[in-house]
Amino acid sequence: MMGSPVSHLLAGFCVWVVLGWVGGSVPNLGPAEQEQNHYLAQLFGLYGENGTLTAGGLARLLHSLGLGRVQGLRLGQHGPLTGRAASPAADNSTHRPQNPELSVDVWAGMPLGPSGWGDLEESKAPHLPRGPAPSGLDLLHRLLLLDHSLADHLNEDCLNGSQLLVNFGLSPAAPLTPRQFALLCPALLYQIDSRVCIGAPAPAPPGDLLSALLQSALAVLLLSLPSPLSLLLLRLLGPRLLRPLLGFLGALAVGTLCGDALLHLLPHAQEGRHAGPGGLPEKDLGPGLSVLGGLFLLFVLENMLGLLRHRGLRPRCCRRKRRNLETRNLDPENGSGMALQPLQAAPEPGAQGQREKNSQHPPALAPPGHQGHSHGHQGGTDITWMVLLGDGLHNLTDGLAIGAAFSDGFSSGLSTTLAVFCHELPHELGDFAMLLQSGLSFRRLLLLSLVSGALGLGGAVLGVGLSLGPVPLTPWVFGVTAGVFLYVALVDMLPALLRPPEPLPTPHVLLQGLGLLLGGGLMLAITLLEERLLPVTTEG
């Protein structure tokens, strides 16, 4: 679609010519008249009725051209025009700013004839359409152009100025008179409407199989770092420092998972672009950013309400009602306080010692969201197999997403890898804390992490194969991965952050909010820098 104001004026002039407002009789130019009649027949066949162009047909034609209404385009937004021959530096007249009055001055300096478009008869002496005496080859070429049929225009291309002039039997070296330019207007108008000069965006070339496999393998190796890192943190940090760290990591995982799903995976699954031609994010990133903003806003509001509730900042009527209910339930004459006490069986031998042992060693800390990956309280062997199965399937799906992402590009793989990494660290912390509590050794835990990493590597190879195979399935893999990420973040991890087992102090809540904001901002930065990351990776 031609977007400059000069193009709109040219299209409007073409419509003016087609409607017959130029007036006067057209000189017999041979193939030019025949070419003009062809394009007029095409336009009137599409938008006319019974050989005439009605108001409705004209409205549809203007709508198809992108005319008839203000497009909200400013002159200052136009970049350098492409496809136009470079003018000499000495010719300063071509570098003047586009002024609508310039064309008026040019046409005002021309001698006007009876039709108002200049005297078309004064050019009989120079014979500009014919030029000098045609050679034998030029004459043969013009004779061949006399026979035009509809079949000659079925496979039309985007014609440049020279091709248009040759098709009309005019000399490319001779200047055009206003009448000759009017003859070209139906062809220009038809080409604008048929959009033969608007090329569809070329499909992205398929990624390199070897580089995608190598990058996916390196990413899977990077994702194996949370396992030894979690073991190190469990040994070095105590519960007092581990709890706020787990809250921050859980919020960071929620931000990265939601950010990667909304700002990257879903736009690529819909085969869209992240930003417009000017690199502005409001076109494609607006919905994703609004969802992230709403997520962060509700997170802050719920935590603020929780802090106010636990500090006792409630209306007096509610506190008085609660005090009355508590005194009524604790009344010794009222049996309601005793009715809710559960029955206790007789203590078994050794049960008292077990309770003392449990009171001395509190259960390991579960990270936010780990209840979605809970493995129950079975024996050590059952817990080991549950962890192996759950983590293996989890790493398999993560590897599948990473392989598909690196097949699409380096920035895609980078954002997905960071999202998975931020999620894996608190997940591995919870798993290893539970397994250590069940009595497993560090050596067996490392072996278990190696097995899970091998399954992740297999998933990465499968993701690359599905994306770069004969039938690319990258949009489907991205869509499924986005759904998985949103489910894990919003159903598995976020509820644990909002409903902790005990009230959190204000610094812990602020730390979680910082983690959520940092995760979403990290995904936004990678998305905005995607176009800059692509040339670096291709050159490397």
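Note: Cβ is positioned from N, Cα and C throughout, glycine not excepted.
Per Swiss-Prot, these features apply:
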COMPBIAS  90-101  compositional bias 'Polar residues'
CARBOHYD  N50  N-linked glycosylation site
CARBOHYD  N160  N-linked glycosylation site
MOD_RES   S336  phosphoserine
MOD_RES   H375  pros-methylhistidine
REGION    78-101  region 'Disordered'
REGION    324-377  region 'Disordered'
TOPO_DOM  21-212  topological domain 'Extracellular'
TOPO_DOM  266-287  topological domain 'Extracellular'
TOPO_DOM  466-470  topological domain 'Extracellular'
TOPO_DOM  530-540  topological domain 'Extracellular'
Sparsest-packed of the listed glycosylation sites (N50, N160) - C-beta count within 10 angstroms: N50
Model confidence over the topological domain 'Extracellular' (530-540), averaged pLDDT: 53
Counts by DSSP class (helix H/G/I, strand E/B, coil) across the topological domain 'Extracellular' (466-470): 2 helix, 0 strand, 3 coil
For N50 (N-linked glycosylation site), the three-state class that DSSP assigns: coil
Residue pair N160 (N-linked glycosylation site), N50 (N-linked glycosylation site) - Cα distance, angstrom, rounded: 32
Sequence-remote partners of the topological domain 'Extracellular' (466-470) [C-beta within less than 8 Å, at least six residues beyond its ends]: 206-207, 209, 212, 400, 403-404, 407-408, 477
